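Notes for the one structure printed next.
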Amino acid sequence: MKGLKEKSSGFFKKYYPILAITLVVVVFFWKFFLKGLIPIPADMVVGAYFPWLDYKWGYEIGVPVKNPITSDVVSVIYPLRSYAVDLIKRGELPLWNPLMFGGYPLLANFQVALFSPTFLLYLLLPKLSAWTGQVVLQPFLAALFSYLFLRHLKVSKFASAMGGLIYAFSGFNIIWLEWNAHALTAAWIPLILLLTSKFIKEAKIKWGVFLSVAVASQIFSGYPQLFIYTLLSIFLYLVVVLRRELTWKILFHLAFFILVGLSLTAIQTLPALELLINSQRVQEILSYDLTYLPWQNLISFLAPDYFGNHATGNFWGMGNYTNNIGYAGAVSLILASIGYFNFRKKREAVFLGLLLVFSLLFSLPFVWTKIFSGAYSMTRILVLANLAVAFLAAFGLEALFKKVRGLDISTALFYFLTLIIIAAFSFITWQSSADDNYLVGLRNLAFPAFFVGLTIVILAVGVKVKKLVKLSVVMVGLLAVSELFRFGWKYTPFSRRDLVFPETPVISFLKSQEAPFRFLSENVIPMNMWVPYGLESPSGYDAVYPFTWSKYLGVANKSDKNAPSLGRYAVVENYASPLIDMANNRYLLVLSKGAKELELEESGYKKVFEDKSVSVYENSEAFDRALLAFDWIVQKEQEKVFERLLDPAFALSRVLILEKDPGLRPKEILPMGDVSYRKYSPRESVLKTRANKDSLLFVSEVWYPGWEAFVDGNKTEILRANSTFRAVKVPEGEHEVGFIYDPKSFKIGGWLSIATLIFLSATLIYDKKKISQRPS
């Protein structure tokens, strides 16, 4: 019994920081563990948009919306990931998504994060439980990896745990928490730094292998832009901290293992690169205001809600709240300042200070940063500022444990005075301009001032009562985490399971119709929120999708051959365009008893269903998804293609415009034929054709590299028709035509990833030698 107690005591003493981290993470997600609520803004769906808004879902006046700025979670991230999970569980490769933009790659989309280590949860748990597990693991892994790195730097257990928790719940990780990609990607940064350090110091192959896996895991996690910032942190760490231990040989091997990590991600990165090259993103102009952090937003490092918060409906700042993620807590800033000034001669502290400076240099709108104006968004480099402040805060706690001095109180007083100055400015400006926004800012200085003031009091007690030094330091550390919890709980929405994309009669009606078809809506079912129901639309919202589709919709919207392509928001505005008819748009959803209904009835639309505020109209002019064409012209210039397509005299339903000669001759006599679907799935479809003459099978689905066609099992060329669609030659008689999406980028990437995995496994098993001896 005594031995068991000793073992238990030893285990707790050794692992209490990790147990404490686990407990703190559980406390943050108490709404899930105690109430069963899911960390997802489902309230945005049922509480803000029709047709769900017609129902109360158990509330007296409808579902209240907590934080509308998180809408991307339910309009992009969750729908795409959920759809991929559904395909996998049906035994299908999740390569293609036909539900948006007329179809575009699914696996190639980094945000789906199919190869993320935490994606395995979807194979073991129900979908919403797996989603929650992914969300919860993000701060846990960030805190754990940070703890391990700080312990590697010889920081005490308590200070390391606090530093890890501050980073885990800092601005970047909280704001992007429910995106279920950004925060997980950020979690790998401290582990990569740790493995880099161990590889350089010990020169052992195993650390190189683990580094490769960590690099791959970071890229697989869903937000690869952070890998660029991780490389910057590695470079600074090598130059500042490890420069005396570097040799050209060890640097070469370090670069080699990082490249091997990139090679391991080829199954994801090669399809993603192919999508990027063929996307609208390369021509999309991004707002400068959204790219950089406005100077005045530096206030948010102390008071994150000075310019308001979407969760309280009073945001009045410039740019986007989600980009203002430099906040790591006012108490953490005090601790970080104490840590830097006490350890400024220590190379690790210099590294963290430089990391903070570099993140500010790249995120603020300096003149020289305009060369990066194509990057979206440079403010996200502030994740490094969060990391630097958090780790310096751990150094600060370490310094306080040794001795709390009057100088440390002065540091806290400096930040308190800064808040008073900001408050005075806000009050004077509010009084002189009567701008109530400054009153919002003044009110939102209260909590930072409270936490800073309480820190001063606790530190003062530590100075006066020497026996309470350790207790005061522990209290300051917990206060830093508590401040971040207040920020996080205010921002983060949770929802009941039954509110996550529930079905309504309108959605049930659409699901009951014979596929394939597409639908559009005006003020009903916003962007991508049809995806969880398996419905298709020509519209969509994503950072990257085929350029040909963005150009096609741009021309359709303006009825102008020279119209610019659309950006990430591909919204169909011109429902009457024949180009939209050609895209198989069979239904249109509108709000009942509105002006749009009269317009639709006059233009030939027929109401086929109605439920409360929403009416469903059928488009009698909509083309079938597939049809046979017996006449065509060849035109390579896209401007002239659109000129023909927009010409009212052009017979869209009978004549195709091809980029190259199909090798057939248009028929002089009246041909006859029909086509029907025998199989329709996301990446494969089979059609049966019957015609009395050779013809072209036209399918209004996006022409994109990787699609292959077969006629009676024999491969045939897919022609690009009517700017963005597909067509294949079909002989007369009865035939079976198959389409399958089988991209070379996925196959080559897959084999490269497998080969890399085998190489790393073999290296880890058989090679236990050092690369070189450390220099003396």
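Placement of Cβ uses the backbone N, Cα and C atoms for every residue, glycine included.
Residues 132, 135-136, 139-140, 143-144, 147, 157-158, 160-161, 164-165, 168-169, 481, 485, 488-489, 494 of the same chain lie 6+ residues outside the transmembrane segment (15-34) yet bring a C-beta within less than 8 angstroms of a C-beta in it. Annotation source TrEMBL lists transmembrane segment at 15-34 (among others).
According to TrEMBL, the feature transmembrane segment maps to 131-150 (among others).
Per TrEMBL, transmembrane segment is recorded for 157-177 (among others).
The transmembrane segment annotation in TrEMBL covers 226-243 (among others). With a cut-off of 8 Å between Cβ atoms, the residues of this chain six or more beyond the transmembrane segment (226-243) that come close are 182, 185-186, 188-189, 192-193, 196-197, 200-201, 215, 218-219, 251, 258, 347-348, 350-351, 354-355, 358-359, 380-381, 383-384, 387.
Among the features that TrEMBL reports, transmembrane segment is placed at 250-270 (among others).
The transmembrane segment feature in TrEMBL is assigned to 325-343 (among others). Sequence-distant contacts of the transmembrane segment (325-343), counting only residues of its own chain at least 6 positions beyond either end whose CB sits under 8 Å from a CB of the stretch, comprise 166-167, 170-172, 175-176, 293, 297-298, 300-304, 349, 352-353, 359, 363, 379-380, 382-383, 385-386, 388-390, 392-400, 407-408, 411-412, 414-415, 419, 448, 451-452, 455, 476-477, 479-480, 483-484, 487.
Away from its own ends, the transmembrane segment (350-369) comes close to residues 229, 232-233, 236-237, 240-241, 288, 292-295, 298, 326, 340, 344, 378-379, 381-385, 387-389, 391-392, 395 of its chain (Cβ-Cβ under 8 Å, at least six residues beyond either end). Under the heading transmembrane segment, TrEMBL lists 350-369 (among others).
The transmembrane segment annotation in TrEMBL covers 381-401 (among others).
The transmembrane segment feature in TrEMBL is assigned to 413-433 (among others).
As annotated by TrEMBL, transmembrane segment applies to 445-463 (among others). Counting only same-chain residues 6+ beyond the ends of the transmembrane segment (445-463), those with a CB under 8 A from a CB of the stretch are 302-303, 306, 329-331, 334, 400, 404-406, 408-409, 412-413, 415-416, 419-420, 422-423, 426, 469, 471-473, 475-476, 479, 482-483, 486.
Positions annotated as transmembrane segment by TrEMBL: 468-489 (among others). Tertiary proximity for the transmembrane segment (468-489) is limited to same-chain residues at least six positions away from its ends with a CB under 8 Å from its CB atoms, namely 24, 27-28, 158-159, 162, 165-166, 169-171, 174, 177, 304, 327-332, 335, 393, 397, 400-401, 403-404, 447-448, 451, 454-455, 458-459, 461-462.
What TrEMBL lists as transmembrane segment is 748-766 (among others). Counting residues 6+ beyond its ends, the transmembrane segment (748-766) has Cβ neighbours under 8 Å at 205-206, 209, 212-213, 260, 263-271 in the same chain.
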Residues from the same chain, set at least six apart from the ends of the transmembrane segment (157-177), whose C-beta lies under 8 A from its own: 16-18, 20-21, 24-25, 28, 39, 135, 138-140, 142-147, 150-151, 183, 186-187, 190, 223, 300, 304, 321-322, 324-329, 332, 380, 382-383, 386-387, 389-391, 393-395, 397-398, 401, 474, 477-478, 480-481, 484-485, 487-488, 491-492
With Cβ-Cβ distances below 8 Å as the criterion, list the same-chain residues six or more beyond the ends of the transmembrane segment (250-270) that contact it, or say none. 107-108, 110, 114-115, 196, 199-200, 203, 208-209, 211-216, 219-220, 224, 231, 234, 238, 745-746, 748-750, 752-753, 756-757, 759-760, 771-772
What else in the chain is close to the transmembrane segment (131-150), if you only count residues 6 or more beyond its ends and a Cβ gap under 8 Å? 17-18, 21-22, 24-25, 28-29, 32, 38-40, 78, 81, 116, 118-119, 121, 125, 159-161, 163-165, 167-169, 173, 177-178, 180, 183-184, 186-191, 193-194, 197, 387, 390-391, 394
